[in-house]
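If you look up TrEMBL, you'll see 1-55, 131-156, 174-215 marked as region 'Disordered'. For 141-156, the entry in TrEMBL reads compositional bias 'Gly residues'. The domain 'Type VI secretion system spike protein VgrG3-like C-terminal' annotation in TrEMBL covers 182-372. Residues annotated as compositional bias 'Polar residues' in TrEMBL: 191-202.
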C-alpha cells in the first residue's frame with residue numbers, strides 16, 4: 001500500500017497493514033517492544049543492568065552453552081523459513097475477495113512482524129548466552145575448546161543473517177539488520193523488508209506498489225526504477241520485461257524476479273533508493289537547515305530521514321523545516337528531532353500530507369508513525 005516518494009505533496013503512502021480486523025474494519029494494535037531494545041524496555045532496571053553486564057556462570061560448560069546458542073540460531077532459521085514460504089504462498093494463491101485481503105493485511109501487519117520480534121528476541125538471547133560462555137572462558141582461563149569457540153562464532157554470523165531474512169522474508173537491503181543500517185525503519189514498515197512485495201493498490205493514491213520500499217506504479221517511481229535498471233543492472237531490467245508497472249504481467253514478473261534471487265534484488269532496490277531518494281533529500285535538508293549536521297547525529301536520525309525520503313521524497317526538506325520551525329535545530333537533541341519529524345509527518349491526523357488518500361490509509365499512516373517513532377526512540381535509549 002505504500003510507495004516511495006508519494007504523499008499529497010509528491011504522491012506517497014506508507015504500507016502499514018493493520019494488526020487486527022474486527023467486523024471488517026482495521027483495528028490498530030498497541031506498539032510492542034521488539035528486538036534487543038524491546039527486551040531491555042520490557043525488563044526492569046535490575047534485569048537491564050544484567051543484560052548489559054553479563055554475569056559469570058562459574059563452573060558452566062562453555063561447550064554446552066555454545067550448543068544452546070546453535071539451537072537458538074536454528075530456531076531463528078526455522079522462523080525465517082516460515083516467513084519466506086508463507087509470504088510466497090499467499091502471493092501465489094488463487095484466493096480473492098474480502099477474506100483474502102483481511103488475512104493478507106493481518107499477515108503483513110501482525111503475524112509476520114510478530115515472527116520478526118520473536119526472531120530478534122531469540123537472537124538477542126543467543127548473543128547473551130555467547131557472552132556468558134566467553135565470560136566463563138575468561139574466568140576459567142579459557143577452558144572452552146577451540147572447536148566450540150569457532151562454532152559459536154560461526155553461529156552468531158548465521159543468526160544475524162537469519163534475523164535479516166525474517167525481517168525481509170529472505171532479504172533485506174544489503175542483508176544488514178543492525179541499528180545503524182540505513183533503511184531499516186522504512187523496510188520494516190513499508191513491506192516487512194520483502195523485495196517481492198506487490199501491494200493491491202486498493203485505497204492507495206499511488207496505485208499498485210512494488211518491493212522493499214514500495215515503488216509506486218501511479219506516480220512513476222516504479223517506472224523510474226526500471227529505467228535505472230536498464231542502465232545499472234540490465235539483466236534485472238530484462239527479467240522484468242516490457243510490461244507496464246501496475247499491470248498483472250509486471251506484478252508477476254516482479255514476484256518471479258524476487259523469488260529467483262531475493263537477496264540481490266533487495267540490495268539493488270536499496271541501492272536505487274539511496275541514489276534516487278535518500279542522497280538528494282539529504283542534500284536538500286542540510287541546505288534548508290544549515291545548523292543540522294547529520295553526520296554528527298546518531299545514525300537513527302539519518303534512518304528517519306531515509307524513511308521520510310522514501311515516503312515523501314521531494315517534500316522531505318519542507319517536512320524537516322516545518323518540524324523544527326521556531327527552534328534552533330543545532331541544539332535539539334536527537335530524540336526531540338525525531339519526535340518533531342514524526343509529528344509533522346502525521347500532522348492533522350494524516351490530512352497534512354495524505355489528504356487524497358482513503359480514511360483507512362490515513363489511519364494506517366498515523367498508526368505506523370507511532371510505531372516507527374517508538375522504534376527510533378528505542379534505538380536512542382528513550
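Don't overthink the numbers, they just go from 1 along the chain as shown.
Using the three backbone atoms N, Cα and C, a Cβ is placed for every residue, glycine included.
Since we're looking at a predicted model, the values are computed, not measured.
In the compositional bias 'Polar residues' (191-202), helix, strand and coil residues by DSSP number 1 helix, 1 strand, 10 coil. As a whole-number mean, the pLDDT of the domain 'Type VI secretion system spike protein VgrG3-like C-terminal' (182-372) in this prediction is 95.
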